[in-house]
Amino acid sequence: MGSCSPQLPLICLSDQTLKPGSSKWVKVRSDVRKALEDYGCFEAKIDQVSMELQGSVLKAMQELFALPTEAKQRNVCPKPFAGYFSHNGLSESFGIKDANILEKAHEFTQQLWPEGNKSIKMIQLYAEKLAELDMMVRRLILESYGIEYFIDEHLNSTYYRMRLMKYIARPDNDITAAVGANVDNGANDNADGDANVNDDGASIGVKVNVDVGDDVNDNDSVNIGVGVDINVETNVNGDLDAEANGDATAWVVGAVSGNASVGAKEANVDAELGLPSHTDKSLSGIIYQHQIDGLEVKTKEGKWIRVKPAPNTVIVIAGDALCALMNGRIPSPYHRVRVTERKKTRYAAALFSYPKEGYIIDSPKELVDEKHPRAFKPFDFVDLFNFYHTEAGRRAPSTLQAFCGVSAGK
């Protein structure tokens with residue numbers, strides 16, 4: 001039965017065997033394009049990051065999150081929502097801009113350890129390897145569409161931001177509500193929630209701890225589905241501490257409540273842990289799950305694929321910015337996190353690429369034709385982000401479509 005479950009495409013991106021211009025490069029290029037067009041993401045088997053480095057990064061993350069709260073709170077940034085976040089002792093996350101650059105990584109270290117800490121080198125090296133992988137993937141994408149001339153300009157117009165995340169292990173008697181795919185983009189990133197379900201299964205109260213990106217604002221409306229095809233309209237009011245340019249940050253939520261008819265079966269299924277479905281705003285992201293799974297991706301057919309962690313594998317996922325750049329050829333997939341493990345702490349790391357401020361995202365003319373008419377107007381990513389924080393942006397089912405879709409009437 002398990003063999004019939006949908007799975008993401010698995011593509012080998014081994015640095016040792018994949019060389020530009022080789023027959024394998026051409027084959028992988030085609031596979032990457034097909035996977036992204038079909039799913040918006042794929043699982044990649046890599047050798048760029050050794051098991052030893054992965055272990056060192058996990059150890060460094062554990063050391064990082066073990067710091068006293070007052071020390072962690074020194075991870076601040078002039079740019080809004082780019083520092084340390086914690087919510088009710090349930091989750092924590094750090095954001096590091098340009099984590100792949102040693103000097104920038106050291107600046108992050110100085111915030112937490114004025115005397116310095118050598119472990120940051122492992123995180124920087126990890127980010128550097130993932131950045132190299134990301135650039136290779138984006139090169140493969142552009143080549144597959146015959147726009148090689150655009151590669152250098154594109155790669156030089158982006159930067160990286162890393163997010164390090166920790167999900168605190170929950171007790172066995174903790175009841176949680178799964179959050180479905182019908183989520184207002186105002187709360188358009190990963191969230192984990194606790195739910196209290198009445199004996200009659202008719203009423204729930206949800207506290208949402210959101211592991212999100214730069215796209216979340218503090219007074220948002222969220223449609224939370226508890227069970228199958230059941231939505232709950234929930235007003236979220238809280239303090240925001242999400243990164244301005246990172247898709248896997250965190251959000252402090254003040255209060256969330258709602259009512260829904262929840263069957264016992266659905267309540268049991270969703271009592272594991274739910275994180276709202278969302279699309280990333282980035283160009284691309286590379287996600288690594290350390291040992292404990294949780295990531296799920298929604299297919300075009302509406303099925304959820306649960307991605308199991310495996311040695312030397314990562315998830316490559318397209319964001320809204322890439323969707324716009326590629327004129328909608330590559331979708332930005334909905335995905336969520338459901339942590340079902342109990343008494344185990346989950347660590348995850350993600351590296352996201354973003355357009356630099358002032359760079360205009362505009363689909364190359366080769367991607368616009370009769371079969372694929374222009375889907376999005378040119379825009380600056382910063383303007384998209386600012387629109388997201390307006391009333392119209394928060395309410396739109398698709399921030400990208402509402403902001404720059406050719407049918408948006410703007």
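Including glycine, each Cβ sits where the backbone N, Cα and C put it.
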Further Fe cation ligand in Swiss-Prot, beside His278, Asp280, within candidate set His335, His372: His335
Mean predicted confidence [pLDDT] for the domain 'Fe2OG dioxygenase' (258-355): 81
Cβ packing number for His278 (Fe cation binding site), 10 Å threshold: 27
